[in-house]
Amino acid sequence: MKITTAWLKDHLDTKLNENQIIDKLTDIGLEVEGVDSQSGELDQFVIAKILKAEKHPDADRLRVCDVDIGSGKSVKVVCGAPNAKEGLLTIYAPPGAVVPKSQMKLVVSKIRGVTSYGMLCSESELNLSNESDGITELLPEKYNKKVGENYFPKKNLNVIDISITPNRADCLGVRGIARDLAAAGAGRLINQKEKKLDKKNKQTISVKIENEKNQACISFGSCLIKGVKNTESPEWLKDKIIALGQKPISAIVDITNYIMFDLNRPLHAYDVDKIDKAIVVRNSKKGETFEALDNKEYKLEDEMCVISDASGVLGLGGIIGGTRTGTELDTKNVLIESAYFSPRSIRKSSKILNIDTDAKFRFERGIDPLSIDQGLERAANLIQEICGGEVSEFDIQKIEDVKKKSLKFDPSLFEKITGFNIDIKEMIKILDNLGFEIKENKGILDAVIPSWRPDISQEVDVVEELVRIKGYDQIKIIEPEKVRKKQTLNLKQKLFHFLQRSIASKGYFEAITWSFTDSKINQLFIENNKEIKIINPISSDLNVLRSSIFSNLIIHLNKNLGRGFKDLSFFEIGPTFLGSEPGEQQTVATGLRSGKLARQSWLEKERLIDVFDVKSDVIKSLVEAGYNKDKLYIDDEAPSYYHPGKSGRIFLNKGKEKVVAFFGDIHPGILKKLDIKVESLVGFEIFLDNLKQPKKSLKDQKTQYKYSDFQKSERDFAFVLDKNFKVQELIETISNVDKELIKSVKVFDVYEGANIPEGKKSIALNVIIQPLEKTLTEDDLNKINQLIISAVESKTGAKIRS
């Protein structure tokens, strides 16, 4: 945003000089990027007339021009512009002048053998517009008698270039900047009252906003001014327009541009006599075209906001007008538009069509929706003052009402955030100067937010405004505490890191995948919960939050199988999502293994990974984490995505409080659906949220190995019991007879058949007895044998096989 100090003082009564104003702007967050001096730099650019234009003797695209620069003087200039011709009025820069755009200093030079004294300038080179296809063409009726005069007014002024952040659209007008400076104590904001208009008649041009889906225009104000004389702008207006790098065109156009930069209120002017019947604000239809004021034809997409009449599109709402109803010097009747357009719609349409205008820049950031009347008042007054004419009543069409937002602000929050305090009365004064409407109610401030501040919506925004105006230098510099506090982790975090190491130590590779997954695969691993769909997924195959990590791991395992790898072990610890409510997100350690078990010795036989291997991995990890193996309870229930006969679940005790793990073969039906060709695929899930604090600290996992100097003994037992009896209970019963002596209980045979009653089975177990204090005698061993038999028969109903 560019401003001049003189223009700023139209709104701000201040005693500060320019340098002090620049410093204050930066202090309040309106960073000054640079100051361009216009005093003297443009004095040498004069109005000139081409007397003769001949083809260059050695270059087809160059012309040698004789140029009249006033006072009977003419100079030779070599020019490459295609529009350089005899009789053209343009702008000449002599040797020594500095071109505004490139900052290049001109010198006398030879171009293909012909000496050129200076340069004929395009509008782009003079920063008047983006037009660079040819040299500037000046109107003969306006400039014919001014040959030799300076084109730019001789004013001693500097242009201050301010960097406006995207949230501060209100400062894209001079008044918004003045308001901030006044609030910061740089002066007093001048109350500008418009002259009361003598509105003769009603506005006779019908305007209608189509209330349709995605309508970007919520309000459209218009004012008809009849009998105007669209003339050249007065010097004061031209000075302001030129200072900001704009080209004066005509009084009506210059007035609309001036109000946009002055009040941040974009306007548009229509030649009423070129409008076909009525104006309709509607959504465009795909394929509609119109010629814009930049002389380009645009082809529109669906649902772009357009201003139209019976003959078609007149302009793209809030972005650019069309040539068909543009005002000319002979315009007699003009309709002024002051409307509000949705920032999102403006941003979308301008991006598709690749259009960038000053109006678009403001609308896409959000202008004041309640400034429609203000814009019409200022425009009607200036047009009537400069161009004459009769002003109609204002016509305001709306499809919804805009109300100011409000919030409650607790002043104590300011000190909590900033570290320093200001008096509540000073807070009220600052906010009042910024345009807030404040009422104090029992120490709380009820604040109505200014309509031009869409960026303010919560208390912290108010804190930011207060500290910005009061000054960031008020915040005291406090050295950070150098005492480093001991970092503490909760149980789940400790388990997370411990299980990472524990599972990896068993030959698993850790994978890190998205928390998103493909709904088609996720459905295979859902039990009773519902999927959580992602509204705007980063990919079509990552469209839901995963219910199980299996849905990610199984895909990556299959990719590795496809690359020729067979024996694979992956795990991941991360979140799963069973619902959208609090507590329905779980942290789960999940693993998959496929192929054959790695042999520990060449003497061992190769075999496929099975359910017992993955069960062992889970139990070992839990034991290493500090949970008592003897307290773990296992049964054969598991979710439907496990093989029903080769799976199970683990509880921390027999009371079955919460499942801490599932394990087993992955269901063959899932492998078939996913076309996974593998001989064996087993998996596990450990639920960290269901694990209670272990009695043994996670720090105390490495315990001293207790070895014995005494010989161990082995005893084999065979028990006959019910066919459906779970072996785990039998093993636990034997282990609990004497935990110090009994080191191992393993099943080595299961028999059904001759000599075994129907409905029964024989289970043979090997028991290792390891004394720590003395060698056991035969009597000692017989006592232990009898204790084992008695315990099994009394607790399980089994009988020793004879």
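We number each residue from 1, going along the chain as drawn.
Every residue, even glycine, has its Cβ placed from backbone N, Cα and C.
The feature Mg(2+) binding site is assigned by Swiss-Prot to Asp455, Asp461, Glu464, Glu465. Here Swiss-Prot flags 39-152 as domain 'tRNA-binding'. The domain 'B5' annotation in Swiss-Prot covers 402-477. If you look up Swiss-Prot, you'll see 708-801 marked as domain 'FDX-ACB', on the strength of sequence analysis.
Everything Swiss-Prot records as a feature, shown here on the structure.
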residue	record	Cβ neighbours (10 Å)
Asp455	Mg(2+) binding site	17
Asp461	Mg(2+) binding site	16
Glu464	Mg(2+) binding site	16
Glu465	Mg(2+) binding site	22
On the three-state reduction of DSSP, what should I expect for Asp455 (Mg(2+) binding site)?
coil
Using the recorded Mg(2+) site (Asp455, Asp461, Glu464, Glu465) as reference, state which further residues of the same chain have their Cβ within 8 Å of the centre of those residues' Cβ atoms, listed in sequence order.
Asn167, Arg453, Ile456, Val460, Val462, Val463, Arg468
Model confidence over the domain 'FDX-ACB' (708-801), as mean pLDDT, sits at 89
With DSSP, how much of the domain 'FDX-ACB' (708-801) is helix, how much strand and how much coil, in residues?
28 helix, 32 strand, 34 coil
By DSSP, what is the split of the domain 'tRNA-binding' (39-152) into helix, strand and coil residues?
7 helix, 46 strand, 61 coil
